[in-house]
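First the structure, in the form of C-alpha cells, and then the observations on it.
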Amino acid sequence: MILIKNGRVMDPKSQRDQVADVLIDGKQIVKIASAIECQEAQVIDASGLIVAPGLVDIHVHFREPGQTHKEDIHTGALAAAAGGVTTVVMMANTNPVISDVETLQEVLASAAKEKIHIYTNASVTQAFNGKDVTDFKALLEAGAVSFSDDGIPLESSKVLKEAFDLANANQTFISLHEEDPQLNGVLGFNEGIAEEHFHFCGATGVAEYSMIARDVMIAYDRQAHVHIQHLSKAESVQVVAFAQQLGAKVTAEVSPQHFSTTEDLLLIAGTSAKMNPPLRTQRDRLAVIEGLKSGVITVIATDHAPHHKDEKTVDDMTKAPSGMTGLETSLSLGLTHLVEPGHLTLMSLLEKMTLNPALLYGFDAGYLAENGPADLVIFADKQERLITENFASKASNSPFIGNKLKGVVKYTIADGEVVYPN
C-alpha cells in the first residue's frame with residue numbers, strides 16, 4: 001500500500017482540485033480524502049506538490065523491432081516514467097513495420113514486460129506501401145489499438161477512403177501524418193528559414209494544411225473518425241476547426257515543441273531541432289496555442305522520436321534524421337510555455353495530457369478516483385530544472401538541452417508501483 005499525503009490532488013475528469021491524501025492498494029486508488037491514516041502503507045509526503053493522473057502520450061516511437069540502437073521498448077518505458085507518463089501508444093514505423101499479426105504479437109510481448117502501460121498502433125497499409133490496406137480486424141483482435149502510417153503521408157485518396165470505410169466497419173479510427181510530398185521540399189526545415197539561411201526549398205505549410213483539408217473532408221464524407229497528428233500550421237488549426245463545425249469526426253494533437261519554440265532554434269540547436277513537421281513561425285506557434293485554448297486541439301502528444309547521436313552528428317544537416325526525444329520534457333514544456341504565461345490553466349494542461357488522450361482511445365486512464373487505476377504523477381509545478389543530456393532514454397537528441405524549464409517529476413506510479421524514481 002502507498003499513502004500519498006498532503007498533495008494538491010488535481011483530476012481533470014471530476015475537476016477536483018484540493019489538498020488531500022490518496023491511498024493506493026494494489027493497482028487501485030482506494031481512498032481520496034483529507035487526513036487518511038494507514039500504518040502499514042509506504043508514505044509519500046507530497047506537501048507542496050501536484051498529484052495528478054499519470055500522463056498519457058499517444059504518439060511515441062520506441063524503435064523496436066529493428067532500430068534498437070536508437071531506443072527500445074525498455075528504455076522508452078524508462079523515459080516515459082521519468083517524464084511522468086504511465087500510458088503510451090507506439091507508432092508502427094519499426095523494421096519490420098507492424099503490419100501483420102506476428103510482428104504485432106512480438107512487440108506486445110516485449111511491451112508486456114514493462115511496468116507502464118504500452119499500447120501500439122498497427123500500420124494502415126502493408127509495410128507503409130501506401131497501396132494495400134492491412135487486415136484491420138485481425139490486427140485489432142491481436143491487440144492493436146488503432147492505425148497509422150505515421151512518418152509516411154497517405155498519398156492515395158482512394159486508399160484513404162478504403163481505410164476509412166474499414167475503420168468504420170471495425171469501430172476504430174485512423175491517425176494521419178499530414179505532409180504532401182508533392183508540395184514539399186527538404187523535410188525538417190520550415191520553408192522560411194530554409195530559403196533564407198539554407199538556400200533551398202524546405203517543408204511548406206501548404207503541404208500540411210492542404211493534405212489535412214483533403215483528409216478531413218474524405219472523413220466527413222465517409223462519416224469516419226480521423227485523428228490529425230502533430231499539426232503545426234496556423235491554417236491547419238483553421239481547417240480542423242472548419243471540419244469540426246461541419247460535423248466531421250476530427251480530433252487533433254499538437255507536440256510540445258510546436259507550441260514552445262520556432263524555426264529559429266534550428267540555427268542554435270542544429271540537427272536536434274530538425275523534425276517533421278518542422279518548427280514553424282511565431283505566428284504558427286501562437287495559433288496552435290489558440291487551438292489548444294479553444295478546444296480545436298484536444299491532445300498534447302510528444303512524437304517522441306529518439307535517434308542515435310552519430311546519426312544526428314553530421315556536417316550536412318539535410319542528411320540527419322528528423323525527430324527529437326520528447327517524453328522527459330513534455331510536462332515541463334507545457335508548464336513553461338502554456339501555464340506560466342497564462343495560456344492554459346494547470347487543470348486544462350493536465351486534461352490535454354491525461355484525460356483527453358485516454359478518452360480518444362477508450363483507455364481506463366487519465367483520471368483520479370476511488371476504485372480507479374493507480375496511475376499517478378507527483379510533481380513540483382513551479383520548481384525549475386536545467387535540461388541536460390542525462391536522459392533515461394537511449395537518445396539525447398533534444399533541442400531543449402541547456403534550457404531552464406518549470407516542472408520536476410518527483411514520483412511516477414504505475415499500477416500502484418513506484419516506477420520513478422526506480
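Even glycines carry a Cβ here, placed using N, Cα and C.
Note that the coordinates shown come from a computational prediction; the quantities given were computed from them, not determined experimentally.
Site annotation (Swiss-Prot, ligand Zn(2+) 1) includes HIS59, HIS61, ASP303; from ASP149, ASP150, ASP215, ASP221, the additional listed residue is ASP150. Summary of the site annotation: Swiss-Prot records Zn(2+) 2 binding at ASP150, HIS177. Screening the candidates HIS74, HIS225, HIS230 against this entry identifies HIS230 as the one listed for that site.
The two recorded residues, ASP303 (Zn(2+) 1 binding site) and HIS177 (Zn(2+) 2 binding site), show a Cα separation of 11 Å. Rounded to a whole number, the distance between the Cα atoms of HIS61 (Zn(2+) 1 binding site) and HIS177 (Zn(2+) 2 binding site) is 14 Å. Candidate binding-site residues: HIS59, HIS61, ASP150, HIS230. Nearest to HIS307 (substrate binding site) by Cα distance: HIS61. Among the binding-site residues PHE62, ARG63, ASN93, the ones whose Cα sits within 10 Å of the Cα of ASP150 (Zn(2+) 1 binding site) are ASN93, in sequence order. Under a cutoff of 8 A between CB atoms, and with a sequence separation of 6+ in the same chain, the neighbours of ARG63 (substrate binding site) are LYS70, GLU71, ASP72, GLY76, THR94, PRO306.
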